[in-house]
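Peer 1: Here TrEMBL flags C160-C187 as disulfide bond. Annotated domain 'CUB' per TrEMBL: 10-95, 160-269, 334-482, 639-681, in sequence order. Summarising the annotation, TrEMBL assigns domain 'Sushi' to 98-158, 272-332, 576-637.
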Amino acid sequence: MWSLLRLAECGSSVINNEGILLSPNYPMNYDNNHECIYSIQIYDGKDNAAHVLGAFTGSAMLGLTLISTSNHLWLEFFSDAEVTGEGFKLVYSSFELSHCEDPGVPQFGYKVNDQGHFSGSTITYKCNPGYTLHGSSVLKCMTGERRTWDNPLPSCIAECGGRFKGESTGRILSPGYPFPYDNNLRCTWTIEVDTGNIVSLQFLAFDTEASHDILKVWDGPPENEMSLREVSGSLLPEGIHSTLNVVTIQFETDFYISKSGFAIEFSSSVATACRDPGTPMNGSRNGDGREPGDTVTFQCDPGYELQGDMKITCIQVENRYYWQPSPPVCIAPCGGNLTGSSGFILSPNYPHPYPHSKDCDWLIAVNSDYVLSLAFISGAKPGQLWVGTALSNPSTRIFKVGCRAKPTPEPEPEPSQLFSIEPNYDFLYIYDGPDSNSPLIGSFQDSKLPERIESSSNTMYLAFRSDGSVSYTGFHLEYKDKVTISYTNLDLKYKDKDSISYTCLHLQYKDKVTISYTNLHPQYEGKDSIRYTAVHLLCKGKDSVSLHLECKGKGTIFHLEYKGKNSSSKEAKLRESCFDPGNVLNGTRLGSDYKLGSTVTFYCEAGYVLQGYSTLTCIMGDDGRPGWNRVLPSCQAPCGSRSTGNEGTVLSPNFPRNYTTGHSCVYAISVPREFGKYFGL
């Protein structure tokens, strides 16, 4: 049986993992003028645009092994018109291709596309909103025996400044966010949206050094001088809305403390009316209209001051809608003069942490016929409440006192709710008088608080000092004027023909004592005298009495005696001791008895020098109130000193706080000749 000889073809395409390639007519001579293409494909095919591994003729390929750099190989065979030869027999096989290592993902970035890590494949990267990509966004796995990427992994950076034009949304981050920003920065971002649109900023996070690292926002370019807001600190700001289609944001930092910074989301919208002006924190508003010509009015909660105008109006100029003037805010002021019969004093920024390095002074001055009562409060006041209402004329301070039982006291609040400042570094000083030269009632820095503080006159002076580091919540105080001595919590049931005796007695001095009273209804029988005054009131058929009583003098007791079916007597006595004088920073105190005649002595820690008198004595003042005879001393780290002891401490001025500029301090230390000197830090 005859069979035809099978001859090798000119060119072929194979997809097997191994096999043989033969020249045309092999093993016989190939013909002239051949152009044969051989394609070996494992997964994908390629063409002659691939990299050339070599060109071979004659017997140059004998014993030679060629290795492709990818999963495909392209061969071309050409013969001329002259001599031919036996040709070739090539054996091919496949093996696992080496890959590029995983390059990873940049911090604050992500992969958009990943084709794999073999030769010729690519990975594409993008950054999270607010970050800028540094480097190549596309990495390609290169060919060759050693697999590597053609570029290093890119990075995503929160830039210092930038420009956004025509973008409807976006994000702005402080440099390096969320890590602390650098010192001495001045970064500017510009956002420009389509004409007729406005820009809204929403704060996602905010933490900068209060009063030192400041973010400023302008409506338009800064040269327009249309400031929208300046913010700093750790309080998350409310949203900011422009009235123009351009917003400029500038962030400036100083040379010292750095915080985590901020993240701001911006968006664009078409302006059709004024933005909702919102309700100020610690305040309220009246009015909801936002059309041109509509007005809104604002007021603040007690203790807060309105910063800005009480009334604003919506204005339209072409495509621009805005409030004129800008919406106000309610702030807890740093100091001030208070003259009302009652009121509140708040630490700056209350109930949020107060700013650093603040010196705030308040003067309370009421009618000269009254003294002041000051209490640390937190919400509703606990304790004894009596049924009573002030009558129509508040200047007389007349109260109608009923005979109902007192309600159940509320739980006493924790001290930390009432008063929270940094111990040993931030202080609240309270003086019994119009200024800091008046007798010091107390220096408060922790939660050890008196239940109530009273002045001996119609004025009281408060001074708050914070340092440049840690801030706490602060304090909330309520003051009220009151008669020098009053007793209105009678808790008695009056009967017809009963009599009540009110007496002012002197304990130490025979100075004049006066008592005043006001009889409204029913009719009372009364008499008074200059010394050892007694007022006898006879109740005629009523179960309540309206009166105003006041005793003035030194060392006075106010005595109430009720004569009737249920006879009883009560006393309201002036205090016989001084208030806690507090402690001094960098020092200690000896003595905890504050009664009249008692003393407390202060000592400074090593290296500090006492400024002022070390010993204070509790005495009866000219106003008839116990008080300390001297102001509280302080312990200071001096600029320069002379030391002769066997051991001691040398401190820089103002230690542990920062020393101030312009100092030239000399410290002289002398010890006996037979001793050396040893310094330790």
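Here the Cβ of each residue, glycine as well, is placed from N, Cα and C on the backbone.
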Peer 1: Average the pLDDT scores across the domain 'CUB' (334-482) and report the rounded value.
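Peer 2: That region's mean pLDDT is 72.
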Peer 1: DSSP on the domain 'CUB' (160-269): how many residues come out helix, how many strand, how many coil?
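Peer 2: Taking the domain 'CUB' (160-269) as a whole: 3 helix, 57 strand, 50 coil.
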Peer 1: For C187 (disulfide bond), which residues in the same chain are close in space, meaning a Cβ under 8 Å from its Cβ, but six or more apart along the sequence?
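Peer 2: Counting only residues 6 or more apart in sequence, the Cβ neighbours of C187 (disulfide bond) under 8 Å are E159, C160, G161, S174, P175, Q250, F251, E252.
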Peer 1: Taking the Cβ of C160 (disulfide bond) as the centre, count every other Cβ atom within 10 Å, in any protein chain shown.
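Peer 2: Here the count is 17.
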